[in-house]
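Visitor: To start, I am sharing the structure in question, which I have written as structure tokens.
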């Protein structure tokens, strides 16, 4: 086992980059998409199946795990990797974003956040120090700073104050994280859609020094155009030799646009959540498998996809089990979506490595414009 | 592919028997337990995982499939085997039992049953002829006669009239089934707990002639002792050289008792349904994994079991995902239960073949009496 956390850029094409993060638990090929395993499971998937799609790393949610089964319990049981049977890298968020989303259930002060559990109403507190402790107890490979993030739109003063609080918390997170060989701590850039605030945030983070840098506070309702505008400068405000992680993104075209703008890592619940409601991502756009037009269709969801849903079943079957709310519907549709996302990342990595990312993007957009295969 | 449906007894030990049913789609080792794939899926399992537990045959439900996605649609798509990606034998029930369970939603006459769908209230009709047609459209390997079954307790006159109606329907089922090489039609003995009515039913069925004979109308509330009393004579009223199928049974000790009394085939939703509610079947009895005593238990559910739930996860993990109602909880617990049931059948087949079934039963009951492993 390599003891160090490291990042090596291997090629770039325009602003897009491909490379490799090294951790003691295995390599992460970038650009990387991280499936979300909120509560110790990627919903509807066995971990070996997640790995079979090509995922190198999962994301776990501090907020959910601290409430149930609790970080202390996971620690006693030997850590999150063994608990959920995933021995490769895990990134955990800090709990900040999800606690902020609780609205009336949480109360923010300069030191941290007090909140009530959505499960049983019990009272809890998160601070930068406690978030670092929880992520250590979980055994996370990539730990995220505890931060605060306003939902957009918000006025500039609110965004600036929030960003500066998050930068104070980033310094406290770094101090609390300490030095843990083989484990990485990522800072999170904030500043909303304000270029100068993003620059100030990036400077604060660089001064503290992190193993990687996340772009936070996007994909919170601002729309793709505004997000892309921000991504036209935000990644380049961050160190070029460290991984850049765009949090909570996104739809396939969001991901492609983010990679084109220099992002190396992403995560999103969309492929898993959509699978459970009958939405499939394909080269030709989104297919709602519950739509009546699929009821008699003997063809696969996507003949070019190698996932079990596409290899072994018809659209008619997927339509049936998804409409009947059978568990296998969630299982197969989730598998397909995760496979699609990982194939997307592999396609981009190959295209960037070979200097043909523009052509790859043109093909990606052309296939989507074509639309789904017509009714037989 | 062998063209014929056949049954060969290989050994017996007391009244218990072991053998092999041959079908064009593969062999069925008996005593056999058939997992239930109600609506074109064994809930929570991929079919290759069902096969991995050792299942040779699945059961499909005519009632559910005729309503959704409909038998005609499955026929157009090439049959149930391809539709659900299970190329081995499938037995379908006739729809009779489930339609009778609809209570106020169904109306019985001498020709058949009219009923309303539990899904959308639409009106449907089943007769012996229509049930045979549906099971043919599904592509079922083992077709069941359309019958009627009163719930117990019921008075003798009601049971006798119902049995005689079912025997008339058995003759009509046979005529409608015709001659379909490689496909089998099973008659269903009725008669409640009345030995002479069971004998009369068996005589009527023998006179018509079937590839196999089911024991119907048990496991409907009469209790294990009454069921075993009935199984002390019912199987032997049926031809010894044909498979005997006890419908809808049961708990592990029901199954062992039925095999000891000469039953060759069984089906039940218990292992799958229980898996979804956190109940695990083990050598030491039922374990409710949601019980708080498992929350910190690092040990496997059953160290002797080879299923993924037992190989890769702790009781603490299964407790967590089952309590949190995560899909993987249903997946893993169902897999375990189906593995337990198939291991049970394999154990009995081996013991009968080697003439040590009494000793096997003694061990089975002793392990259950021991109870679950104590809290660490």
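Cβ coordinates are placed from backbone N, Cα and C, and glycine is handled just like the others.
Whatever TrEMBL says is automated annotation, not expert-curated.
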Visitor: Given that TrEMBL assigns B:305, B:307, B:310 to the Zn(2+) site, pick the one from B:211, B:336, B:365 that the record assigns to that site as well.
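Guide: According to TrEMBL, the candidate sharing the Zn(2+) site with B:305, B:307, B:310 is B:336.
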Visitor: So TrEMBL lists B:93, B:94, B:95, B:96, B:97, B:147, B:190 for substrate; which of B:121, B:217, B:221, B:223 goes with them?
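Guide: As annotated by TrEMBL, B:93, B:94, B:95, B:96, B:97, B:147, B:190 share the substrate site with B:217, chosen from B:121, B:217, B:221, B:223.
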Visitor: Give the range, chosen from B:257-261, B:262-266, B:267-271, B:272-276, that TrEMBL lists as region 'RNA binding'.
Guide: B:272-276
Visitor: Quick one: which of B:241-247, B:248-254, B:283-289, B:290-296 does TrEMBL have down as region 'RNA binding'?
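Guide: Region 'RNA binding', as annotated by TrEMBL, spans B:248-254.
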Visitor: Please count the residues of the region 'RNA binding' (B:272-276) that DSSP assigns to helix (H, G, I), strand (E, B) and coil.
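Guide: Helix/strand/coil tally for the region 'RNA binding' (B:272-276): 5 helix, 0 strand, 0 coil.
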Visitor: Please report, as numbers and ranges, the same-chain residues at least 6 past the borders of the region 'RNA binding' (B:272-276) whose CB is under 8 Å from any CB of it.
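Guide: For the region 'RNA binding' (B:272-276), the far contacts come to 35-36, 42-45, 286, 330, 332-338.
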Visitor: Given residue B:307 (Zn(2+) binding site) and residue B:267 (active site, nucleophile), what distance in Å do their CA atoms have, once rounded to a whole number?
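Guide: For residue B:307 (Zn(2+) binding site) versus residue B:267 (active site, nucleophile), the Cα atoms are 20 Å apart.
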Visitor: DSSP on residue B:336 (Zn(2+) binding site), three-state: which is it?
Guide: helix
Visitor: Other than B:305, B:307, B:310, B:336 themselves, what residues in this chain have Cβ atoms within 8 Å of the centroid of the Zn(2+) site's Cβ atoms?
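Guide: Same chain, not in B:305, B:307, B:310, B:336, Cβ within 8 Å: B:300, B:301, B:302, B:306, B:308, B:309, B:311, B:335, B:339, B:340.
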Visitor: So of all those binding-site residues, B:305, B:310, B:336, which one's Cα sits nearest to residue B:267 (active site, nucleophile)?
Guide: B:336
Visitor: Check residue B:267 (active site, nucleophile) against DSSP and tell me helix, strand or coil, would you?
Guide: strand
